[in-house]
Number of protein chains: 2
Amino acid sequence: MSWLDEVRWDEQGLVPAIAQDDRTGRVLMVAWMNRAALQETARTGRAVYWSRSRGRLWRKGEESGHVQRVKAIRLDCDGDAVLLTVEQVGGIACHTGRERCFFREWREERWVVTEPVIKDPERIYPASVKGKGDEP
Amino acid sequence: MSWLDEVRWDEQGLVPAIAQDDRTGRVLMVAWMNRAALQETARTGRAVYWSRSRGRLWRKGEESGHVQRVKAIRLDCDGDAVLLTVEQVGGIACHTGRERCFFREWREERWVVTEPVIKDPERIYPASVKGKGDEP
């Protein structure tokens, strides 16, 4: 059996994939992978996700340059979630220009932004893709 | 608008929730939350998930004692994933008796178990729930 068959893909053929920075240990983002995305990630050593909004493979950093070099790929006990340990090129994972997508924290019944924008998204993405950017 | 309305629940009313150990930084597990689970987690400071297999709220550690004390709750940029920072009581998050669910690593087209069982699951779960245990 292929290692890809050991993954329990959901009814859309997807699993959630977490990217964690291998240097800081911070959880950067969660995206989705289908079979082709996981296979290409393993083969190339660069994170590839499935963009649900765009309905195509999303080679992380293809527009922003903020690629993720994959150090390890892990699978959970029931096979339905993937954990990538990555080197985040540019130190920015989020399309908002922040280090990571989890920049809001719950405090007293509110979501509070706790992390700064490192680089203006308008400087990350060319005008042609502005507003679409590197979003899932 | 309630903070709960800012979460983008999927068509089943769920979002993936990651638990990360606040001491070691290790990603322990991914489970699912519905609105009630997230609300109770925020209110009580203990991780509560939605068990898709059992179709009910799953108060993590309710059978094993391996509860998760929540230090922070974060929401990602598009509002469809939650990150919990937790103190993992007992140092075991996985129903297999391992520290975490991500105990398999991809190596040369295979998933290799890289992390040890800390405690035999038969000693974690009472006989009445054996095989069901603390699984999602």
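Note that Cβ sites are derived from N, Cα and C of the backbone, with glycine treated the same way.
The domain 'Phosphoribosyl-AMP cyclohydrolase' annotation in TrEMBL covers A:29-103.
Residues or ranges marked as Mg(2+) binding site by TrEMBL: A:Asp76, A:Asp78, A:Asp80. Note on A:Asp80 (Mg(2+) binding site): other Cβ atoms within 10 Å of its Cβ, all shown chains, come to 19.
The Zn(2+) binding site annotation in TrEMBL covers A:Cys77, A:Cys94, A:Cys101. Taking all protein chains in view, 28 other C-beta atoms sit within 10 angstroms of the C-beta of A:Cys101 (Zn(2+) binding site).
Between the CA atoms of A:Asp78 (Mg(2+) binding site) and A:Cys94 (Zn(2+) binding site) there is a gap of 28 Å. Listed binding-site residues: A:Asp76, A:Asp78; maximum Cβ neighbour count within 10 Å falls on A:Asp76. Non-local neighbourhood of A:Cys94 (Zn(2+) binding site): A:Leu28, A:Met29, A:Arg100, A:Cys101, A:Phe103, each in the same chain, at least six residues away, with C-beta under 8 Å from its C-beta. The predicted model assigns the domain 'Phosphoribosyl-AMP cyclohydrolase' (A:29-103) a mean pLDDT of 97.
Note on A:Cys77 (Zn(2+) binding site): other Cβ atoms within 10 Å of its Cβ, all shown chains, come to 19.
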